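To keep things clear, I will list the structure first and then write my remarks on it.
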Amino acid sequence: MSDASQTTPPCLIVVFGARGDLTRRLVLPALYNLRHSGALPEEFAVIGVDHGAVSEVAWRRMLGDAMRGLMADRDAEFKADGLDEEVWGWLRSRLHYLRGDFNDAATYRSLGALLEKIGAQYRTGGNVLFYLATAARFFAPVIEQLGSAGLVKQGASSGWRRVIVEKPFGHDLQSARELNAIVGRVLDEDQVFRIDHFLGKETVQNILAFRFANGLFEPVWNRDRIDHVQITAAETIGVEGRGGFYDPTGCLRDMVPNHLFQLLAMIAMEPPAAFTPAAMLRRRAEVIEAVRPLSPADVVRGQYAAGAIGRNAVPGYREEDTVPPDSNTETYVAMKLQVDTWRWAGVPFYLRTGKRLRERTTEIAIRFKPAPLAPLRSAEIGGYGPDWLVLHIQPDEGISLQFDVKRPGARVSLAPVRMDFRYRDWFPKEYTVGYERLLQDCMHGEAGLFQDATMVEAAWTIVQPILDAWQTSADETPQYPAGSAGPAAADALLALNGGHTWRTLTAGRRPPPRRPPEATATTETRPVTPAPKRGGAKAGDASASAKPGKSTKRKPAPAAVKTQAAKKVAKKVAKKAAKRATRGTAAKRSSRKG
């Protein structure tokens, strides 16, 4: 992978889909961040290609307004301490617009002439990066037109030519194979970069360092110590006016064969022989190839209905402006996977992703098996909780480890605690959207964080049985309220597989939840004597375990407990101060303390 501080070579980027959501929301902000960090050279420019009849000035203004709007959006991935007008002015002056039809050969003739003109103006040396930020249906025609126009030919004296293809790469297994065949006819494999911006996120890249640079974790990274793994990518937003793209795609195609499978590959891959792009790509591909094909019983789907995100009422999916009112497209998917390797045999991997969920969060949570011998555990009480290692991808990047400790006091009882590492606590604040490193790597010709043709087809092979089953099914997609954690069937999926439960959706690292009453009860090493029956109650009832004369009311919430404890401490301090005052020794004690 390229060094983040390394300046990229001279380059002219051509963005197809220049007025689209992806360009406004991620590609241009990433270029802005790269220039802000000093990674873009003076020999740099952008040509935007789109069918819209707008002027170059209007397009530049639209992008500037979009970036300022993203800064005010709490859920946007682009963050900054205000727009740096000097940086934006530099980038804006290098934005050029070409109106054209992606299927028209005349567009590519005009583009060829513009490449020569702009390339000479900014001295980019013939290096061109074509970015396909379009709807997936345009990938094949754009690549074929680029080949027919001779725009992707490269040589030692003419500079390099590379193409970035966005996800989803194909609509199913058959279309992925067909698209790979077209790419293979027009481009060499080292010219095409199938991008997944999740792999550009700092926490995802840190998985490799976390696993392979620390002797502490790798010995327990296997089926002997890990109970199961949960991978979550939850969004609070809906389709945001993109129903025309989303409805024929759906959540499964949009998120699973790319984003979630790439996170799975980083977690489950074997150590590479060397940290070279080729070696890492091969190790990730091995994981995807080892995943057992899915069956319908392993997958749950859902579609969000009307509800509320926070205090804001939001419409259901079918009520969105750009969505058909009878759409059966899924906006939520949960699944159970098995990776058939020596390391992971028998360990379930649970994946879930969806829109209009309770919180925006992406995390990888690894639950460890309980200790083989638990001297403190009582069969009657069961006070142990699970140990979790959680990799927080967004929005609050970092790593946390949750485990049990003894509560202070004479009695032996357990409490969950957590150790947290946050990037923002240890390193200077850096604003990224995940595309910065990937764009740099592409301009340097490094493909370690991208997908090759084999990996793409292996991913589609896994999900193809589900696509086939849903296509022939007459069942309605179950609905879940917007602002919830998803459909109830997703909970049942885990409950029926070892009695597991999903982790609570939280946006940040909140303290571990307190154990339920049966788990927070005191765990003692001495034998537990059942409480006597009272009033005909059974020994297992809450009333039976209460002492005579004691109330069985539920304890106050944690916040209330803290408040009451603070009041008691304040009263004790006041009483002690009063006693010291009456003894006339307050001044002496104060001086000794000083």
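Quick reminder: no glycine exception, Cβ is built from N, Cα and C everywhere.
Since we're looking at a predicted model, the values are computed, not measured.
Substrate binds H197, K201, E235, K355 as TrEMBL records it, and from the list D172, D254, D326 the residue named for this site is D254. For the recorded positions H197, K201, H259, K355, the greatest number of Cβ atoms within 10 Å around a candidate Cβ is found at H197. Between H197 (substrate binding site) and H259 (active site, proton acceptor), the C-alpha separation comes to 8 Å.
In the three-state DSSP classification, K355 (substrate binding site) falls within coil. Across the annotated binding residues for substrate (H197, K201, E235, D254, K355), the two most widely spaced Cα atoms sit 20 Å apart. Residues near D254 (substrate binding site) in space but far in sequence (CB under 8 A, at least 6 apart, same chain), listed by position: K167, P168, Y246.
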